[in-house]
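Taking it in order: structure first as structure tokens, then the write-up.
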Amino acid sequence: MPAYFQRPENALKRANEFLEVGKKQPALDVLYDVMKSKKHRTWQKIHEPIMLKYLELCVDLRKSHLAKEGLYQYKNICQQVNIKSLEDVVRAYLKMAEEKTEAAKEESQQMVLDIEDLDNIQTPESVLLSAVSGEDTQDRTDRLLLTPWVKFLWESYRQCLDLLRNNSRVERLYHDIAQQAFKFCLQYTRKAEFRKLCDNLRMHLSQIQRHHNQSTAINLNNPESQSMHLETRLVQLDSAISMELWQEAFKAVEDIHGLFSLSKKPPKPQLMANYYNKVSTVFWKSGNALFHASTLHRLYHLSREMRKNLTQDEMQRMSTRVLLATLSIPITPERTDIARLLDMDGIIVEKQRRLATLLGLQAPPTRIGLINDMVRFNVLQYVVPEVKDLYNWLEVEFNPLKLCERVTKVLNWVREQPEKEPELQQYVPQLQNNTILRLLQQVSQIYQSIEFSRLTSLVPFVDAFQLERAIVDAARHCDLQVRIDHTSRTLSFGSDLNYATREDAPIGPHLQSMPSEQIRNQLTAMSSVLAKALEVIKPAHILQEKEEQHQLAVTAYLKNSRKEHQRILARRQTIEERKERLESLNIQREKEELEQREAELQKVRKAEEERLRQEAKEREKERILQEHEQIKKKTVRERLEQIKKTELGAKAFKDIDIEDLEELDPDFIMAKQVEQLEKEKKELQERLKNQEKKIDYFERAKRLEEIPLIKSAYEEQRIKDMDLWEQQEEERITTMQLEREKALEHKNRMSRMLEDRDLFVMRLKAARQSVYEEKLKQFEERLAEERHNRLEERKRQRKEERRITYYREKEEEEQRRAEEQMLKEREERERAERAKREEELREYQERVKKLEEVERKKRQRELEIEERERRREEERRLGDSSLSRKDSRWGDRDSEGTWRKGPEADSEWRRGPPEKEWRRGEGRDEDRSHRRDEERPRRLGDDEDREPSLRPDDDRVPRRGMDDDRGPRRGPEEDRFSRRGADDDRPSWRNTDDDRPPRRIADEDRGNWRHADDDRPPRRGLDEDRGSWRTADEDRGPRRGMDDDRGPRRGGADDERSSWRNADDDRGPRRGLDDDRGPRRGMDDDRGPRRGMDDDRGPRRGMDDDRGPRRGLDDDRGPWRNADDDRIPRRGAEDDRGPWRNMDDDRLSRRADDDRFPRRGDDSRPGPWRPLVKPGGWREKEKAREESWGPPRESRPSEEREWDREKERDRDNQDREENDKDPERERDRERDVDREDRFRRPRDEGGWRRGPAEESSSWRDSSRRDDRDRDDRRRERDDRRDLRERRDLRDDRDRRGPPLRSEREEVSSWRRADDRKDDRVEERDPPRRVPPPALSRDRERDRDREREGEKEKASWRAEKDRESLRRTKNETDEDGWTTVRR
């Protein structure tokens, strides 16, 4: 489109300018550009006149293809906005085309075009004919004027129908245009176009059924759509009948029946009557009198059933037509000789079945059936009297001599009714033929021969030639046994005695059989006569003998019938089995082949899909990149154009082209803009300064001149206001005086009624006083009764409330006393336990000192012996001292930097037994517990001295960790002990929950499991003496951590570990009290918080942490859980038991002022068995922070702890029975259990969860426990816990640095590989002892925390009310951890 036609209004104006000068083609081009433009795809009001003008030009120029394009574009524009505009435009277009065609028709004398097909106007024959015959002026005028316009109008109809098809919004317009097209075909007798139009409509209907999922699709189940389609098809049927296109009419009938079948509801009776009427015409025109009569039967029954206002005349007319149509059905069967020879029975039957379907019949009708229906439904009684006897004469009575005379009277009456009954005239020829046939059938039964003249006299309504033809047809098709003798002019009947009639021969009135039929049935008659004679001839005893013989035969049959039957069944079963076997084999083979083919096809398909997917991804990626580049360039260009359009941009970039600007730096563009802006700003300020001086003088002068004028105007306005006020005041006074006079008049007039009013009021009060007093009395009585009832109800309620309050206070008092008593008992018990622990701790430390001294001396002696043995061995092997090696094996190991065993042989006193006794405990000699002091210098660097005792000579590959030389895990086939099992005879105190590392020097009083002189380094990862969490069939490879490179743990049903370890935890269990390993994954461990509901551990961060955070509720777990421990797991939403804590232990951050006694698994406490860790480290901070993530917890009553201890004692008894075989290990276990019982704190019951009833017992199981009270108490405890956690939670991670490492931490077993070499010298020093904690201070702090907890319990409701005013704030640190601040 040209640049100066950006708006549609301008285009329309330009087109009108072209039309004024007579240029239609340029005007059409202008409007065409507007309709094709993509910038005007939104409908506007101006579009409709543009489209009308565009179509007008298309009609004038006969540009049907341009009109089609324009209509399609306009449909896309206004379909979603204004569909009415599209209808108006289409109707206007067709109206203009019709007007042009009518004008051309008036100018032409040719009313009906001789051209057969408008799409192919000039055929070769027409060209040759015009060249030979010549063409006059009128013919040329008709060809040049009328023919193009008729073709244009036809194309317009066809284009509009294609445009509007399958669109529910313009469905009415579509059917209107279709009906107009039918009228066009009928008006101009366009048979070829009519056929094309019918095919197009049929194709559109099929498309509607296929594309029913579109948004604008037509729903054929809609009654309105069905009625419109049926209406159009009926118009099509009428037009086809009018144009005598019976093939198209029959197709229209099929289309109408198809629409009937689509409809769920039956069509209207009027529509069905019209349909039957049209179908009957089609059948009669096609020569099918049988279905024509059947259609009239259907129409007759429909009219009788549905029409309530059916008159007697209409009934007679319909019944007469039905009778004549039924009797007009040819008696001659439709099957001809050619059909019999070609065996076309199937085709005929199929054709009749289709025709019956169009009428809704189950089976094709027959002439006899229709006659019987006519008699059964009593149609004859409504027939006019003149025709009523025709049925009896033709079908019932046998009177050949008077038959034609009677029928002639009826036919003459029918011929006399052309005006009243025009449709009856068509039945006369068929009735004459049937009458002749009936006459011949009846005459053949009476006469053997008859003269032709005599027969002609019996049939007066036909001549001799027609009669002879009828006789010949009857002999050919109706099995009439007749011969014509032309010499004697006679007819002979039944002369051929060998003739046999066909089965489909017509049947009529019967008098006697023909001679040939009598001869053919002679044997049958003879048989019946002989049977009667035998009954007379044969006596009774012969019949009795026959009966006896019959019984004997029956008996013999019954005797052998079962056996014979079984034999037949067995043979049949054998045959069936063989068939089934062969079929199964064939099916199996075909199935295998099919599966093989499907597998190959699947592979090919997958490969092809993968290739296509990759190609699609690459193409999509390239397309996205190109689009991004184009969008980027377009955005930059538009931005630069916008900048240049502004005054500032035009000045700044007037000397620079847009192409150059695209390559410039954005900073340069911005600098240019800023520079130009500053420049204009300075110029503006200078202009404002110059104007300021001028404006000041001018304003001063104006105001001096205004002063006198303003004063004079003020005086004038004041005078006008005063006059106006005086005038309004006078009017107000006058009005008030008039109103007072009128009020006095009203008063005088109304005062005369005062006495009457008082009298009326007095009478009314006297009449209603008694009624008022009665109602007042009733009200007072009801009031007193209601007041008494309410007082009684209130008294009862107060009494009930006092009773409920008394029992509730009594119950609370009992509960409080019970809790106080339990608290006192717990304090006393804990105080006694602490005193006992202090005493045992002192004894333990003294014993440790002695053991350390013994171990040091023994280790020194062993070193001297080992040194001498090593030198002697070297001298014997080498024979000279030139091969100078390191002075001691310590140097070798230091240079190697690993714990692995070298290839040299071990000393005999160091070599363990050949069997794997070290797995069962026998391999640990008594002095291992005394070697710990000497082992310390070699802990990291020289581990090969204990290798023979640790593992046998097996073929396992070494571990891949930095210091773990154990072989990979093996299955149950090797002789190692399985990780899990009831027959595991390892020390039973190492259970699934115990993830502590091996005991070090200070706590090694456990017998032969870890002796003081055990020179093995600390076990890494999941070493051989861990608890039973590994099953016997587990064959996983080694761990992959810092010192343990085995794979992650495998969850599942066979993993019997305690529930504090989830299935996705890939770390090995902690190995004991002094486990000081760091996080599992090193410095980059950025995993989120643990998954336990009440996890109070810190995150797994930092390589210098004294131990990695625990997983779940295992930070204070019991130290000697066995594999068969039946306690419920303390992890997951179903776990109702919290960790073992005190009643007031809120499990927040473990700060330096924590007065609780050190627990097992807690590395933060000082002691000889724990590294000294600075309190308030990252674990305490993380525990305080993560405490806000889990649900609140309450302490567990002492009864729960006693229950758990009883279960533990039961497990101890089981373990003792298992360990009777190993008394050394039993002593070791008893010492360890004794120590752990001393230092283990009692666990608390989480108040927010409860365990199963069969495994938990507490004071709540009393008679007062019910669901509601328990829920209330649980909610109260949850609220108190939540308030306490939010109040005590302090995120002090930002204020504190990383945890300081003490001397005990420097030798922790989880140290990185690059730190071990530097720390080996430090590890050789003996461990330093740390004094026990101050127990008195612990007791004081414990009591303070309990008192504080009691205060918090009392004030939890006030805190809860204030809690709604607080807001939460989530803070995220640099490590990704989120802290909830309240």
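Going from the start of the chain as shown, residues are counted 1 onward.
Glycine residues also receive a Cβ, built from the backbone N, Cα and C atoms like all the rest.
When secondary structure is read from DSSP and collapsed to three states, K68 (N6-acetyllysine) falls in the helix class. Positions annotated as N6-acetyllysine by Swiss-Prot: K68.
Under the heading coiled coil, Swiss-Prot lists 82-120.
If you look up Swiss-Prot, you'll see 315-498 marked as domain 'PCI', on the strength of sequence analysis.
Annotation source Swiss-Prot lists phosphoserine at S492 (among others), citing a large-scale study or a structure entry. In the three-state DSSP reading, S492 (phosphoserine) counts as strand.
Here Swiss-Prot flags S584 (among others) as phosphoserine. Taking the Cβ of S584 (phosphoserine) as reference, no residue of its chain lies under 8 Å away while being at least six apart in sequence.
Marked as region 'Disordered' by Swiss-Prot: 810-844 (among others). With DSSP states grouped into helix (H, G, I), strand (E, B) and coil, the region 'Disordered' (810-844) comes out at 35 helix, 0 strand, 0 coil.
Sequence annotations record features per position, and here Swiss-Prot assigns compositional bias 'Basic and acidic residues' to 866-1165 (among others).
As annotated by Swiss-Prot, region 'Disordered' applies to 866-1382 (among others).
The annotation phosphoserine is assigned in Swiss-Prot to S881 (among others) on the grounds of experimental evidence.
What Swiss-Prot lists as phosphoserine is S882 (among others).
The annotation phosphoserine is assigned in Swiss-Prot to S895 (among others) on the grounds of a large-scale study or a structure entry.
The annotation phosphoserine is assigned in Swiss-Prot to S949 (among others).
Among the features that Swiss-Prot reports, repeat '7' is placed at 983-992.
The repeat '9' annotation in Swiss-Prot covers 1003-1012.
Among the features that Swiss-Prot reports, repeat '11' is placed at 1023-1032.
Residues or ranges marked as phosphoserine by Swiss-Prot: S1028 (among others).
Here the CA atom of K68 (N6-acetyllysine) lies 76 Å from the CA atom of S492 (phosphoserine). Annotation for K68 (N6-acetyllysine): spatial neighbours Q159, L163, criterion Cβ-Cβ under 8 Å with sequence separation of six or more. Annotation note: S584 (phosphoserine) sits in a helical segment as assigned by DSSP. Model confidence over the repeat '23' (1144-1152) is summarised by a mean pLDDT of 39.
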